[in-house]
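Annotation comment: TrEMBL describes A:20-43, A:79-100, A:107-129, A:149-172, A:206-230, A:250-275 as transmembrane segment. The domain 'ABC transmembrane type-1' annotation in TrEMBL covers A:75-272.
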Amino acid sequence: MTGPTEPGNTVKRRRNPAALLVLPGVVYLVIAFVAVVALLISYSVRVERTSVLFAPVDLTTWSTALGDSYLWSTVGTTLRLGLIVSLITVVIAYPLAWCVQTMKRGWAAAAMLFVVFSPILVSVVVRSYGWQLLLRTGGPFGDTFDSWLYHEPGVILALVHVELPFAVFPILSSIRTIPAEYTEAAADLGASAAQRFRKVLLPLTAPGLLSALQLVFTLTISAFATPALLGGGRVTVLAQTIYQNIQLLAWPLAAVQAVILLVLTLIVLSLFAAVTRLIGGGVR
Amino acid sequence: MSDFGASSVEISDVTRTFGSQRVLGSISLSIRASSFHCLLGPSGCGKTTLLRIMAGLDTPDTGVVTIGGTDHSRTAAHRRPTNLVFQSGALFPHLTVADNVAFGLKTDRRTPQGEARSRVAEILDLVAMGEYADRRPATLSGGQRQRVAIARALVRRPDVLLLDEPLSALDLALQLRMRRELRRWQQETGTTFVCVTHNQSEAMELADEIAVMNAGVVEQSGSARDLYEQPASRFVASFIGENNIFEKLTPMDEGHTADGLVFPAGRADSLAVRPEAIRLVPADHPASRGPGRVLTTSFTGKSVRVSLRTSTGREVLAELAPGATTAQAGDTVGIDFDDAAVRRFGAAA
């Protein structure tokens, strides 16, 4: 006997009305991501910009681009910046997050969070020119940091600054899930402060650390304005060459580079996901 | 089992204040080596704070904590000869059962690896968790987690094992079973166990000695029998076992009365009579100390429990042998008890 009274049936038939709420977001993402990526891929297999949607496939742009050593040096700079910036940011963010968590007074923790989040309240252009004023010869630090401006250290400094909040937040939320009892239990079992950190706190906050790394890395390798303004044309990342090629109307080449950037991002994201599974798999 | 430690604990004049709230007001307590000692009291009485002070996880404002003859008042938690079992177990979620238990052996690096492994296996066998060595805490039941937590603390062979409400998260049937097991582990290891609980039947079943705490002070410390038969205060009388408490003893023409019953002459703010000391007699019987209306009667197997109301409205519970009464709800009977069964508290000056 099957009928509406059978629980299995009724459950299947009834849709969750909340699912409709997801619709605008899904439509938006499909248009913004899938359509744009499809367009990019179609542009990358042309030799010049054309209004014909289904022009014949031509891989000349791909082979020129992949054989270009300048492109690979740009890819190298992009990845190096991503790696250095995400490591420095996370190393700074981790103690910051602990500091916010352990602050006893509510207003002090709120003030600390405001300081951490202040970089994203300032426009990227203003922030970058601010860094230029700080670093330039004759600035408040004399010529100490002169050699940093328009070179990689300056770009790294500014990128770490703006991406700090994106690292603090996931770390802070992972710290907040750890009950004080774990640290107390570790101390009670003879662990010194260093052992408590290494054997209990670090492994339990590793998922937060990894998502912070992942977020900052992704943001850094796609950053455009900060490297453009503080790199002074000497530090060229992938996002800038894409922009330059669009300016030069070399749309297929820009598309090839954009696809490379996307693939790099996807590779890094899946690497992080694999590591997270490996570490976090047993915790839950 | 050999090699397990056992030390006495001496607490002298320990006080502790959180902000403006005085949690412990001058506690002094002696705990014998190799005994099972319970700190019993209602929530908020300071018993957990006292336990955490023994563990070194909290620091007293004043006073001295001596463990095995050595002053440990200012010793950090990780250097004390004590180990604590948390109410929640606090097992590390990222480690297996065996690694959780081995944690406290790896921290001091004095225990060779091979010995550590055999000690972990030995202690997991003691708590009957040997076959779960490779499981993660999240896959264990509440009772299993508590066994692992106890093993993790015991494997370090502390001089004193501190337990913070170790059974309160478990269902009643499991609590009853684990009480017997806790007692057995204590006897097999010979370690001093100090156990915090709010459950008087748990304390009475487990402990050699019970310290009854209330509002930051130890009201009375002694064996379960001492506390039951000779309660030193009204609080202890009402907290340990069941008791009928009567207020305001007033002198009258014939003896003294409180709550409509006649008591032997004397001074007291309150009086206590155990339910099992009460007898029911006919209402007009000369031995009757006063009338009581039967509200309910219930048969529990070992006894008949009769609840009565005196002429002033005070409820009285009588616990009688089955067949000792035929009283029904609505009947009026006489309430009787021996003079010797009356405990008096707080004689007014």
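Glycine residues also receive a Cβ, built from the backbone N, Cα and C atoms like all the rest.
Comparison of A:107-129, A:149-172, A:206-230, A:250-275 by number of C-beta pairs under 8 angstroms to the transmembrane segment (A:79-100) places A:149-172 first. The transmembrane segment (A:107-129) is in contact with the transmembrane segment (A:149-172), judged by 3+ CB-CB distances under 8 Å for residue pairs 6 or more apart in sequence. Same-chain residues lying 6 or more positions outside the transmembrane segment (A:206-230) and placing a CB less than 8 Å from one of its CB atoms are 78-79, 81-83, 85-87, 89-90, 93-94, 124-125, 127-129, 131-132, 149-150, 154-155, 158-159, 162-163, 166-175, 236-240, 243, 261, 264-265, 268-269, 272, 275-276, 279-280, 283.
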